[in-house]
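**Q** Structure in structure tokens, see below.
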Amino acid sequence: MSTPAPRKQIHLGAHFPGVNNTTVWSDPRSGSQIDFASFEHLARRAEAARFDFFFLAEGLRLREHKGQLHDLDVVGRPDTLPVLAALAAVTDRLGLAGTINTTFNEPWELARQFATLDILSGGRAAWNLVTSSDAFTGANFRRGGFLPYEQRYERAAELVQVVRALWDSWDDDAVVAHARTGQFVRPGSIREVRHDGAHFQVRGEFTTPRGPQGHPVLFQAGDSADGRDFATATADVVFSAHSTFEAGQAFFADVKGRLAAHRRTPDQLLILPATTVVLGATAQEAAERSHHIRLQQVPGPTAIAFLEQVWGRDLTDHDPEGPLPRIDPDVENLDITRGRVRHVKDPRTIAAAWREQADANGWSIRQLVIEVTSRGGFVGTPTQVADAIDRHVQEDASDGFILVPHLTPTGLDDVFDQVVPLLQERGSFRTEYTGPTLRHHLGLARPAPRATRSHADRALVG
Amino acid sequence: MARPTSPRPLHLGVDLSDAGAHPAAWRTHGSQAQRLFDAERLQQLVDTAQRGTLDLVVIDDSFSLQPTRTTTLRGRLDAALVAARLAPRSRGIGLVPTVATTHTEPFHVSKAIATIDHVSGGRAGWQLGWSADDDDARDTAHFGRRPAVSEAAAVAEAEEAVRAVAALWDSWEDDAEIRDEATHRFVDRSKLHYVEHDGVHFAVKGPSITPRPPQGRPPVVVRVRSDESFGLAARHADVVRISATTRDEALDLRLRLRAAAVAAGREPGDLRVLADAFAVTGPDEASARARLDLLTELDGVRWDTDSLTHVGTARKLTDTFLDWWEIGAVDGFVVRPSSLHTDLDALVDGVVPMLRTARAFREHYAGPTLRDQLGLARPANRFAAIA
Ligand SMILES: Cc1cc2nc3c(=O)[nH]c(=O)nc-3n(C[C@H](O)[C@H](O)[C@H](O)COP(=O)(O)O)c2cc1C
């Protein structure tokens, strides 16, 4: 008899609530999305539960709807990297992952910011690389909306190449600080970087030592074919939107299957979908709570605003508790909402399908919006949820999850208290951190310094 | 002997850059040069500065390595992130990183400093940096964005950036977040403002993604190093760092700065003029001299400073501070310890108690924010409707 295979280890991230209608602000327990105390609460609780990392999203322009700032959801958040640097002061082991755009930032700056975060946190930095390149966001930057959509991953790839060259331009043991001889860095241990590409021309000696992780962990969150290619070639973690079991397995197989072409192995790229958890003492109680949360997430005006995105016209004269509009979408006005991902299908087709669905089920506008915007997520008793999470991971629908709470900052407290211990009992989740860095938590190797790597390359061809 | 209480307290900052202001500081005993980039070393320095109720710490930065002609020390961390790292475990003391505007987008600068202000409960400042070809030609090459610029051009760009950044800080009114359940509105959008900055160097639409910082606008620190930066300071700085080797030189600069501020339509009392003060301290003059001699020997060349430089006891340094301050030559000093580990202790345990005895310096922090320490009122929001 063979011994049972060791259980695949689950990786978990704690997502700070975002600026969209997943986050419920009308609940009496809802706290500030700005005060540092909120960030500290979630990070400390996540660390106590031995989570792999804490996660921050980013958006560089406030969303607009019908030509005005969208005012129904949480609006406003602090800057990603300073928040993570501050969290490094109040946590010891938790990974600190931040979303940063590659279109409206420059490689020299990003390289020193992430190297600094990695050093200040003792090797816990991660960068979720996003490529949003729209002119709407660009209006906040001197370059404006200069980047054609097709070039967003081209720029991102070149940017990562430059950033990695900068991180590798200091040897790991460059700083010797020999007071007696006056040698602060070992001669030859900092090399000038020269890069002359389509998007960047960079030349100089980099300012910041190589961080404890060599390279901070790189996440990627784009879902297009280009995005998947980029992830398989370059990223350590994919932050995906495919959280259901079947879609997860399909995505997992697709992305991991592309790795061999890049001479990478499946354990070198982790797939972590975003998901939500709603718990109850019984399955029914959990379902009721979940329904209550959905109602909080989609109040009447939010339902109408959502519909307006598809209809391209003002629908405020419609009752959210009443039937869907009989009038057809205005296909000339699809830019009605700006600052978030757009629908790609023909709105008339979507509208017809929704009308049909609503008629068949007797749904109001609000009920329909609740149904069509539901992303699944785990709903059940702690045992049911732990079983489901574990099954997703053991059966290769994911390598773990990034959990998105609906309440700031306490929304994951019950998961930490009730679900994590069950995963630990099953032997699928760590009970203690076993190393200092995020790469260690995620089972990712530390990238070799450049000197060693080029030597290895030579050995390969020779 | 107690002096009469002045209505105008003295202000003290300290420069935490590198291992100290002397190029050879890292080589001296106790410098912890091996831990130069260790956050806990910096945290301990801030603890010390905070024990002395100093107004603020400043952290230099540049996109270039330290020039080889001035020091053997190599390496820098991003100053804004260092300031953020120091925020949660400090109280009262201002955290002032240098953030340069020559390459960094005003939108990014604005939310970074605003966020340090949020995570520190109102203790951020911004030391405005820029890189011009005469002092840091290499900076621009790193970016490949465009050729190096002259001091005049870099300062002009910095001035435009500071205007855009300040407008972005104001782009949220303080009470914009309403969480009104009756109408389901989270914000009152009439209190969020497009800044519509359309200048020579930048176009910034706004509003910021980050709500207005606790201080409204964190204090802006400008170092005067040229005619151009003098004008920039007079028009925009809350804190001006000057270099002056004599009291009369400082007095002349301070009076001219205040006059230029008035000419720009500002209240002269809204400026805090702090002189850089390099300090090599010792229990007696001879040991201070001996410390400097050792540093000089290690470095191989005479220490080249451009401002007040004190080599001697804490008592003598205190007297010099009081002498400059009492006649109004300065509002205070940014101390640049020759070696951080030695001279910061001497400042906090030697100079500060004597300044307190002289009733020139605070016993306790005046409030939670940097503006509280500097005695600067929280600014009104330019976009807020006049009630
Ligand atoms: C799960 C997930 C989370 C994302 N989070 C962000 C974010 O916080 N900020 C952002 O600007 N874009 C975010 N994006 C957008 C993508 O990162 C990407 O830049 C965009 O979708 C364009 O790339 P694509 O065409 O490959 O999807 C996210 C995407 C996914 C799938």
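The backbone N, Cα and C atoms fix where each Cβ goes, glycine too.
Curation plays no part in TrEMBL annotations; they are all automatic predictions.
The annotation FMN binding site is assigned in TrEMBL to B:Asp61, B:Thr98, B:Ser226. Positions annotated as domain 'Luciferase-like' by TrEMBL: B:29-293.
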**Q** Pairwise over B:Asp61, B:Thr98, B:Ser226, annotated as binding FMN, what's the top Cα to Cα distance to the nearest Å?
**A** 19
**Q** Per residue, counting other C-beta atoms within 10 angstroms of the C-beta, which of the binding-site residues B:Thr98, B:Ser226 reaches the highest number?
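**A** Top count of Cβ atoms within 10 Å goes to B:Thr98.
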**Q** Give the mean pLDDT for the domain 'Luciferase-like' (B:29-293) on the 0 to 100 scale.
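**A** Over the domain 'Luciferase-like' (B:29-293), the predicted model scores a mean pLDDT of 94.
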**Q** When DSSP states are folded down to helix, strand and coil, where does B:Asp61 (FMN binding site) land?
**A** coil
**Q** Just jot down the residues in the same chain as B:Asp61 (FMN binding site), at least 6 apart in sequence, with C-beta under 8 A of its C-beta; none if empty.
**A** B:Arg76, B:Asp78, B:Ala79, B:Ala80, B:Pro97, B:Thr98, B:Val99, B:Ala100, B:Gly129
**Q** Secondary structure at B:Ser226 (FMN binding site) (DSSP, helix/strand/coil)?
**A** coil
